[in-house]
Amino acid sequence: MEAMAASTSLPDPGDFDRNVPRICGVCGDRATGFHFNAMTCEGCKGFFRRSMKRKALFTCPFNGDCRITKDNRRHCQACRLKRCVDIGMMKEFILTDEEVQRKREMILKRKEEEALKDSLRPKLSEEQQRIIAILLDAHHKTYDPTYSDFCQFRPPVRVNDGGGSHPSRPNSRHTPSFSGDSSSCCSDHYITSPDMMDSSSFSNLDLSEEDSDDPSLTLELSQLSMLPHLADLVSYSIQKVIGFAKMIPGFRDLTSEDQIVLLKSSAIEVIMLRSNESFTMDDMSWTCGNPDYKYRISDVTKAGHNLELIEPLIKFQVGLKKLNLHEEEHVLLMAICIVSPDRPGVQDAALIEAIQDRLSNTLQTYIRCRHPPPGSHLLYAKMIQKLADLRSLNEEHSKQYRCLSFQPESSMKLTPLVLEVFGNEIS
C-alpha cells in the first residue's frame, strides 16, 4: 500500500514549470501531462489504455530490450508496454467506460453550477457604476496627491526643546485666501463659486458660547507654534470637502440648510478620512510631499491638541490603513459619512437617508463584486465601525477645539472659515 501511495502522489510542482519542456517517459515525444501516474504523450497514453483494456499479450521479435523512440514506438508493442510499466503507469488509474461517463457528467454539472453561480453573483448596476465614477472624479478634483498648495499656507514652525523655533521658510508670507484674505493668490473656488456653497452661508449660525475661564483649559502660546500652519491646512481641507460634497449624487437635492448642517457636522470626520491617504504606519506620520510637510504627533500637540484626541486618531488611521480599501470604497465611505441622516439639526432626514442608502447599497455591492477575499470578509461592517469611531473623534476634537477658539490669543491664529465651521457647534 505504501508503494501504491507513493506512486499515486502528485508530482513535484517543478515538473509543471512551463519553461521546462515536458518529455514523454516512454518514447521521448512531447508530453501533454500526467497520464495513469506518469508523464507521457497522448499516443502512449492511448496505447497503454487500449493494451490494458484488451489485456493484450505482446511478444518482442528481438531481444526484449528495444529502445523506444517517437519514430519506432509502433515497431515493438511489447517493449513499449514494458516501458510504460517501468516508468510507473498503472492500470488501476484507468477508468471504466461507466466511470468516464460519470466524470464527463460531473464536469458538465460543475460547469452548469459555475454558470448559475456567476449569474446569481451580484453585479453593479449602471446607476451604481455611475455613482462610483462621479465620486472618483469628485475626489480627483478635490484631492491633490502632490500637496503643491501647501506652500501657500503660513509656514510650519516647530519649537525646539530649548525654546527656539525654526520656520520651514520665511515667515513673511500672509495667510492665504482660504483663511479670509481675498487678495491672496490661492483660489476660493470651492467657497465662492456660484455652483458651490458660499462660506458666508455658515455665518447665519451663532457661535457657541461656553465658559473658558477654567485655568486647566488655558494653553501657553509657546505650545501653539504649529497652529497657524495647521489652521490653514484644515481651512484648505474644508474647502475641498465642500467641493467633494457638492458632487455627491443627490446632495444638491437637499435644502441649503441641510447641506450646511451636514457639512459642518462631518467636515472634521471627512478630513480625517482624507488624511489616511498620506498616513504612513512606518513612523505614524502624515507625509505630504515636501519634508517640511511631514506631520508627526508632536506637530499636532503644537497646534493645541492633546493625546486624548491624538491617540485614538492614530489608532483610527492604522485600522483604516489595514483595511486596504480600494479607492472606490474610500470615496463611497467619505460620501456616506457626509450624507448622514442622524446629524443633529437636519430637517429632511428621510431624503438624506434615501441618498445614504443608495450610497451604502453601492458600497456593499462593490465589495461583493470587486473586493476579493479574504480582504472582503466583514469589510462593510468594519467600514461602518470606522464611521462610529469618527463620531467619537469628532466629539473629542470639538472639546479640544473649544479650548482654542475661546482664547483670543489662539483664536486669532485660526481662519474665519475654521471659526465658522467648528465654532458654530450643532449639539
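Glycine residues also receive a Cβ, built from the backbone N, Cα and C atoms like all the rest.
Just so it is clear, the model here is predicted, and its values are computed rather than measured.
The feature DNA-binding region is assigned by Swiss-Prot to 21-96.
The Zn(2+) 1 binding site annotation in Swiss-Prot covers CYS24, CYS27, CYS41, CYS44 and rests on similarity to another entry. Contacts of CYS24 (Zn(2+) 1 binding site) defined by a Cβ separation under 8 A and a same-chain sequence distance of 6+ are given as ARG30, ALA31, MET39, THR40, CYS41, GLY43, CYS44, LYS70, in order along the sequence.
Swiss-Prot lists CYS60, CYS66, CYS76, CYS79 with the feature Zn(2+) 2 binding site, giving similarity to another entry as the kind of evidence. Around CYS66 (Zn(2+) 2 binding site), a 10 Å sphere centred on its CB holds 19 further CB atoms from the protein chains shown.
For TYR143 (calcitriol binding site), the same-chain residues 6+ apart in sequence whose C-beta sits under 8 angstroms from its C-beta are LYS240, PHE244, ARG274, GLU277. The annotation calcitriol binding site is assigned in Swiss-Prot to TYR143, SER237, ARG274, SER278, HIS305, HIS397.
Annotation source Swiss-Prot lists domain 'NR LBD' at 127-423, citing sequence analysis.
The region 'Hinge' annotation in Swiss-Prot covers 97-126 and rests on similarity to another entry. Sequence-remote contacts of a segment are chain residues at least 6 beyond its ends whose Cβ falls under 8 Å from one of its Cβ atoms, and for the region 'Hinge' (97-126) they are 132, 362, 365-366, 368-370.
Summarising the annotation, Swiss-Prot assigns region 'Disordered' to 158-183.
Annotation comment: Swiss-Prot describes 246-264 as region 'Interaction with coactivator LXXLL motif'.
According to Swiss-Prot, the motif '9aaTAD' annotation covers 416-424, on the basis of similarity to another entry.
Annotated zinc finger per Swiss-Prot: 24-44 (among others), in sequence order, evidence recorded as sequence analysis. Across the zinc finger (24-44), DSSP assigns 3 helix, 7 strand, 11 coil.
Marked as zinc finger by Swiss-Prot on the basis of sequence analysis: 60-84 (among others). Per-residue pLDDT, averaged across the zinc finger (60-84), gives 94.
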DSSP state at CYS76 (Zn(2+) 2 binding site), helix/strand/coil: coil
Between SER278 (calcitriol binding site) and CYS76 (Zn(2+) 2 binding site), the C-alpha gap once rounded to whole angstrom: 73
Cα-nearest neighbour of HIS305 (calcitriol binding site) within the listed binding-site residues, CYS27, CYS60, CYS66, CYS76, CYS79: CYS27
Cβ atoms near SER237 (calcitriol binding site) (within 10 Å, other residues, all chains): 21
